[in-house]
Amino acid sequence: MKAQRLGAWIAIAIGASYFIIPLLGTLEFSLRMRRGAYSFDAYESVFADLQFRETFGYSMLMAVLTIAFGMLLVVPTAYWVRLRLPQVRPIVEFVTLLPLVIPAIVIVFGYLRLYNSSSILPLTGSTSGTNALLMFSYMTLSLPYMYRAVDTAMRAIDVRTLTEAAESLGAKWPTILFRCIFPNVMSGVLSGAFITFAIVMGEFTMAALLNRPAFGPYLQLVGANKAYEPSALAVIAFAITWLSMGLIQLVSRFQKSASPKA
Amino acid sequence: MTTTTATAPLINKRAVIDWLGIAPFAIFALMFLIVPTLYLVTGAFLTPEGTFTFKNLADLFTPTILSAYWISIRVSVASSLGGALIGFFLAWAIVLGGVPNWIRSGLLTFSGVASNFAGVPLAFAFLSTLGRTGLVTVFLRDWFGFNLYGTGFNLLSFFGLTITYMYFQIPLMVLILTPALDGLKKEWREAAEILGASTWQYWRMVALPILWPSLLGTTLLLFANAFGAIATAYALTGSSLNIVPILLYAQIRGDVLHNPNLGYALALGMIVITGISNILYIWLRMRAERWQK
């Protein structure tokens, strides 16, 4: 038993150092810009860069739009499948998992061929069309996570009874959906939203191949041209991921402590 | 009988409404997931003029493309096996190793973050750690007089890419395997011990036979995960390391293979490889779930 505990601690120590050293390395490197002294120069340089603000803002906007449209697609679908079409559930679940099976680069390759400027639906022919296509591609990427999060939250509530209660009180379907179902699956909606946010902020392949000025391609560009700024950006990116995941934990913990009372 | 025929049209109308309800999802999935993929798959079997051919698939067996697949497969196998092994020991340590609870919750939270910390920033993190002027490289040089790059080590290589990929592979393994290890019942261990089994015998004859579908399945998932990844490798090595996603990226950008339909075949190859490993993963997970009830 003692040997087992020792082994466990050794495993934890090795794992922790493998996880922590690259983070320390990144942090240390990002502070090294001024010769001979640690400073925040690299961060100042990053925040002063106009392109940083533009691409960051662009990706933020994309993330918000992806979350809004994604939820408008996922929540009614998950609701409808549970209420009316339980027999297609395996198929819908399978489709939502496909983006994990088909690599992102393959999906975007298909878009570029299918929606090019000489096709029936020339989405890549205009800037707004390409923006829309990028948003749809992000919705596709986040589909597995959003659907799972919402569906798990929906499992906890009795969709049928809620619907019937709302109907017998005279509610129309928009009221049922937006004032009855959405608030009840809010924990799922929020965790799906945060993970989508983390995915969209760091995504590189889709935005690079669709030629849109997003944060991911900007990171790559800085990485190829500058020395200290990339580490500062990596620290910022890690903080964004950490923040998103932390918020998911917070939401699920809040949900757990709230549900017995409700 | 009469009532059935009388209500039949009504049921049909309801059925139409039922199916209309998932129409937005179906249209979305067709437009942005299924049709684009099928377009590439069919394109892989067509000549540029549109006649059926197997030539594109045959052309995949040229040295450049084969070597790209070979490097990709090696990196994916190495990082998934390494990730699975270390991830297994970490999961084992937090479930059965008797470490304090805060380490368990800390590691699980961190794994949730790190498994999503991929892409370009991960490449930066490893460059500033193990690159030529990275923290560890400099530390080894200044304190131990050890020149890491003198040993032939290079971050921009097969080995470097494998170490970097393991940063998101290990946490994924921890996240999936911890519930499986939690599912090992205490009674099984006690029963084995009462029957006189040693720890080794318990693991070899009880625990591992129960765990192997989870272990193998998750390893396959990690494999597919690494095989499709591009951003980290691209930011780390530029286009100097010839792996399949980077070759496909170059092909999409500028038709480096001089045959658009060969690009489709390249994509088809990726779908087949990640598809097979995912199908096996799902099948193994169903087997594993029999013990988790």
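Backbone N, Cα and C atoms are what each Cβ position is placed from, and that goes for glycine too.
Bear in mind that TrEMBL entries carry predicted annotations, made automatically and left uncurated.
Per TrEMBL, these features apply:
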TRANSMEM  A:7-25  transmembrane segment
TRANSMEM  A:56-79  transmembrane segment
DOMAIN    A:56-251  domain 'ABC transmembrane type-1'
TRANSMEM  A:91-112  transmembrane segment
TRANSMEM  A:132-150  transmembrane segment
TRANSMEM  A:189-210  transmembrane segment
TRANSMEM  A:230-251  transmembrane segment
### Message
Is the transmembrane segment (A:91-112) in contact with the transmembrane segment (A:189-210), using at least 3 Cβ pairs under 8 Å (sequence separation of 6 or more) as the test?
### Response
yes
### Task
Output the single range from A:7-25, A:56-79, A:91-112 maximising the number of Cβ pairs under 8 Å to the transmembrane segment (A:132-150).
A:56-79
### Message
Can you work out which residues elsewhere in the same chain, 6+ from the ends of the transmembrane segment (A:56-79), have a Cβ less than 8 Å from its Cβ atoms?
### Response
92, 131, 134-135, 138-139, 142-143, 146-147, 150-151, 154, 159, 177, 181-182, 185, 189, 192-193, 196-197, 200-201, 207, 212-216, 218
